[in-house]
Amino acid sequence: MDTPPPRNHYTTLSLPPSLFSSGLTPEEIKQTLKKSYRRALLAHHPDKLTASSTSVTIDEITLAYTTLSTPSLRQAHDLSLSSSGYGPAALGRHKLQTGIETIDLDDLTHHEGEEEDEWYKPCRCGNPKGFLVHESDLEEAANGGLEEVVVGCQDCSLWLRVVFGVVVQDQDQEGETPEQKKGETPAAERR
C-alpha cells in the first residue's frame, strides 16, 4: 500500500512538484506561486478553522512560499525530497494528490475572442470560467515542444492539465495548402 508523502512545501501550497518543469514561463510560475500562497493563507486562516480541523500554520505557509520562490532553496528542498523518495523524480512511484485533472482541449468550451481565442471549463468551486486557457498559452507551449498546458483555477487550488494536438498542414512551394489549391477552407480555419 502506498503511504502518502510527508507534508512538504509543495503539499503545503497544494502545488505539484512538476510545476517547475511544466513548461510554464518564469512569470507564470511566479504568479502561480503567489496564487497558491494566498489561497493557502485564506484556507488556513485561524478565524476559519474549527477545533477538529488540522491546519498548516501561517509560518509554514510563508516558509513554503519563500523556499519555492528562491531557486537555491527550492533546489535544496527538492534534493531532500528526492533523497527521501518523494521528490519530483519519484512521482511515478508515489501517488501524490495534487488536484490535477487531465483533459483534452476539445472538452473545454471554446470562445472566439476579438484579440485571441480562449477555452474554459467551470471549476467545482463554482467559478464558471475557473480554468481559462488562451490561444497564446497554447502557442507558447507548442513553440516549446509541449502538447499540454497546466492551468490553475482562478478561485481555488485545483489544477487542470490540458492536452492538445498540433496540426501541421502541408504546404507546397507557393505556400498554399492542398485545401487552398482546391478553393476549400483549411481545416484549422473551419473550427
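Cβ atoms are placed via backbone N, Cα and C, with glycine included.
TrEMBL does not curate its annotations; it predicts them automatically.
Mean pLDDT for the domain 'J' (8-81) in the predicted structure: 82. Residues or ranges marked as domain 'J' in TrEMBL: 8-81.
The domain 'DPH-type MB' feature in TrEMBL is assigned to 99-165.
Marked as region 'Disordered' by TrEMBL: 170-191.
According to TrEMBL, the feature compositional bias 'Basic and acidic residues' maps to 178-191.
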For this session: With DSSP as the reference, give the number of residues of the domain 'J' (8-81) in helix, strand and coil.
Result: 53 helix, 0 strand, 21 coil
Problem set entry | Three-state composition of the domain 'DPH-type MB' (99-165), taking helix and strand from DSSP | 12 helix, 26 strand, 29 coil
